[in-house]
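Taken from TrEMBL, the feature domain 'VOC' covers 23-147, 153-276. Taken from TrEMBL, the feature Zn(2+) binding site applies to Glu77, His95, Glu143. The active site, proton donor/acceptor feature in TrEMBL is assigned to Glu143.
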Amino acid sequence: MAEASPAAANAELLEWPKKDKRRFLHAVYRVGDLDRTIKYYTECFGMELLRKRDVPEEKYSNAFLGFGPEQSYFVVELTYNYGVTSYDIGTGFGHLAIATEDVYKMVENIRAKGGNVTREPGPLKGMTTHFAFVKDPDGYIFELIQRGPTPEPLCQVMLRVGDLGRSIKFYEKALGMKLLRTIDSPELKCALAMLGYAEEDQTTVLELAYSYGVTEYTKGNAYAQVAISTDDVYKSAEVVNLVTQELGGKITRQPGPIPGLNTKITSFVDPDGWKT
């Protein structure tokens, strides 16, 4: 029996992410005071502290927070490195978003707790969605979006990219995401793309933003990565490796188990250097 041609084998491999059971697991970023951020997220956003650990031999602590258990909800993983009180967020990281049934009430609560509201709640001209923006104690921006009951309140990670078409293609092919919608706004000189594994009101999505004429952004050292589940980390890495040859990016950690744990991971960066 003749072996499949390389092109046919690659085409079959590229089908894998569409069949794989995937969801967004967590976003990882660094904070200057872990207890301060935990207090802010629980009191202002209504998140729960799911777990916290200290690793003195490696001089860091981390905490997982979200709106439900990690097994079924997208959560944030906050990292505190001993003695480091501030980080550079850079110009490329945009925001995280939280869906709430009453954005006005949430903003009122955040303001009462001394939080920093950077955009008052309300719709954009010609739009119906009511939203607001706030900054957490480290300067990370959160968009608060008013929508009906949702199974995933922590609903967006927004990153800026230098070539929207290329990035859409990368996340579709390398990670099996679906392009849910695009928005082009000549008056704001930007274009957006929402990608994910289900509809926006049902899941966490990746929001990619392109500002007209801007092809590069600074990464800073604050935001680290987003994690996504896979049934086969080795096969998933093969797909990513294939796609990076066409579109850019690279594998930064070959697939395999984490020392001392049964969890198997692979890591890579996209064409703009954003890590997954």
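Using N, Cα and C of the backbone, Cβ positions are placed for all residues, glycine too.
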Notebook entry, point to check: Can you tell me the mean pLDDT for the domain 'VOC' (153-276)?
Noted result: 97
Margin query: Test of understanding: give the count of other CB atoms lying within 10 angstroms of the CB of His95 (Zn(2+) binding site).
Written below: 18
Notebook entry, point to check: In the domain 'VOC' (23-147), how many residues does DSSP call helix, how many strand, and how many coil?
Noted result: 25 helix, 55 strand, 45 coil
Next item on the list: Can you check which residues sit near Glu143 (Zn(2+) binding site), meaning Cβ under 8 Å from its Cβ, same chain, 6 or more apart in sequence, and list them in order?
Entry: His95, Leu96, Ala97, Ile98, Phe131, Ala132, Phe133, Gln156, Met158
